[in-house]
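Reading through the structure tokens given below for one structure.
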Amino acid sequence: MAVADTRSSLSTYIIQVRKPTDKHFATVEDLDSLYRSFLPTTAASSKQEQRMVHSYQHALSGFAAKLTAEEAKAVQEKDGVLQVHPEEVLSLHTTRTPDFLGLHQGVGFWKDSNFGKGVIIGLLDSGVFPEHPSFNDEGVPPPPAKWKGRCDFNGTSCNNKLIGARSFINPINATQAVPPYDDTGHGTHTSSTAAGAFVRDASALGNAKGTAVGMAPLAHLAMYKVCVDDGCPASSILAGFDAAIEDGVDVLSVSLGGNSKPFFKDWIAQGAFAATQKGIFVSCSAGNSGPYNTSLSNEAPWILTVGASSIDRSIEATARLGNGLEFDGETLYQPHNFHPALLPLIYPEIDDRIQDCAKGSLRFRSDIRGKVVVCDLGSTEPVVAGQEVKDRGGVAMILVNGLTDGYTTLADAHVLPAVEVSYVAGREIKRYFNTASTPMATILFKGTHIIRRSVAPAVASFSSRGPNRQSPGILKPDIIGPGLNILAGWPFPLDNSTNLFNVISGTSMSCPHLSGVAALLKSTHPNWSPEAIKSAIMTTATTFNMEGRPIVDETLHPADIFATGAGHINPSKAVDPGLVYDDGPQDYIPYLCGLISNESQIEVIVKKKVNCSSIGSIPDYQLNYPSITVSFKPSVTNVSVTRTVKNVGPAKSRYQSVVDPIKGPVSIGVYPRELVFTEANQTASYRVDFTREVDSKAPSPYAQGAITWVSARHS
């Protein structure tokens, strides 16, 4: 859908053109002049407003402009124009975690990596609150000489921590972008998660108290504001990519996305490709459309796609029923003056439909006042549901998960005493309400607890799942990281205190954790490519929880590989992986030739003409990726896959293959079974043969296993 100017028939379109090879188009001004030549005469001569919205130099070859539908058709017909698309609006994927991930001040990985010193993390987000204590630059050195960015705040808001801030949001009929201040909280939260400074006595509504700190506390931050409250325009996202590439960031953190699209229509995939070609590591959120299969955003192999998991901290409350049964849940709002006496309980269901207590839904109910109200978790924001209960005189709310939410509970800043409980707990509470003659309930508030023997990390219910729609031979998500009930910086206080922190959830929160870890790796290994960093993160991930059992999902059953990817981030092991799968940027071209038959569509992504017949093509599963996904057509019983690893461990190393057999009618053979290295950065290849048993009845269309290369020091 095009984003229209309501005061005219103009909409924003993104126009992609063939990249000029003439050296006379080397500057931004030259390109801008070239792009204007593609505008129809009606647009070029328009005096009403500036038609050009953004002119791109790196993210893609082209520009964004305001056009009528007729003008857009005319531009599409011009020689040299590859694609004209109406702009779409994408969405944001919306303390304790360093300890949980094994990062401790003065020891191990944090000590050896210098806290990410010298690395620049760029974020495409909703802006930033520069005065937040998380952006204090004490102990942070000046940015490296390569930095070319700028700070668009007035005065001295930027420093050695927050080294850049720009906005690419243009109000209608305005030629100047709005300032890069954060008006939603999202960008302040993600940036402080990635690289926030140490802030003592942080908490949210008095909970989750401790020292807040980002993953890479001495890394530099640069904010590119591309989002507002109602979304992230594609033209702004591309402008953010363009500026970040030009400015010289090392890592890009992108906690936003849209629906699955072919890569030649996917603006984040195209911007990320351009960034990767310049050696920039790109981390993106997987999306919040789980737990359904094929619900992913950001599926391209040159992106690290991050799902969300829980941590070992709970901000607890308990729903107590009149029959003595108790059900634990979570809430950020923990009122000290709430007397836990039993009160009448009501579930105001409507014709067997869920009752999510949407705004206005209880306005005709006279039986809410003075009661504890049960509401279903649905499409209504939990805080909005609580406000509806409060407005109708309800005293407290028990928010119950739906079947797909399972045991994933969110600690929200509710407006009245409330607790969110699991689906199983909700079912029992409703059964009690329907069978008790005088149903009663209350809520006990228990504060913050660290659970020493926990099922964490568990996959959060909302975390989007594979398989990968656009490239089935590439496993996505790649990794999971902390994204459930995460404490980080916030631009405004939640209460009367001066504590500027909040607890929120989403793959938006897990993405900057991985961006920060990537910065730590880049600081330790400055010559590693984005592909090597991704490989180190994926091949050292853990597949077990704190109890030593396989990671579970929202049902508390073992999560499948389409939920976890390679597993949960393990930063202390990622710094020393032993072997890496290190593709070069050029390796994506034969991959794209195998994936996309139309060479002009490949040209849109890579920004140069491609001749696949001379380059050659490979199936997607043959890309030298740190995971393997193969599909058997009915007539196929054997598939062979080749992978190449680089030795980044001791020069003289010997690795043996260990196969975790696939549970299902598929056998695996690895050849050779031993890899021997005699020098650093030496490469070696191996082949994996997959054989499907004929006429066997598999319980599932999917099966999974693992191949591990084990040496004296590495696994």
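Placement of Cβ uses the backbone N, Cα and C atoms for every residue, glycine included.
Taken straight from TrEMBL:
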- ASP125: active site, charge relay system (ACT_SITE)
- HIS186: active site, charge relay system (ACT_SITE)
- SER508: active site, charge relay system (ACT_SITE)
- 12-93: domain 'Inhibitor I9' (DOMAIN)
- 116-544: domain 'Peptidase S8/S53' (DOMAIN)
- 356-429: domain 'PA' (DOMAIN)
- 622-714: domain 'Subtilisin-like protease fibronectin type-III' (DOMAIN)
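Packing around HIS186 (active site, charge relay system) is summarised by its Cβ count: 27 other Cβ atoms lie within 10 angstroms of its Cβ, all protein chains included. Taken through DSSP, the domain 'Inhibitor I9' (12-93) splits into 24 helix, 27 strand, 31 coil. The Cβ of SER508 (active site, charge relay system) has 30 neighbouring Cβ atoms from other residues within 10 Å, across all protein chains displayed.
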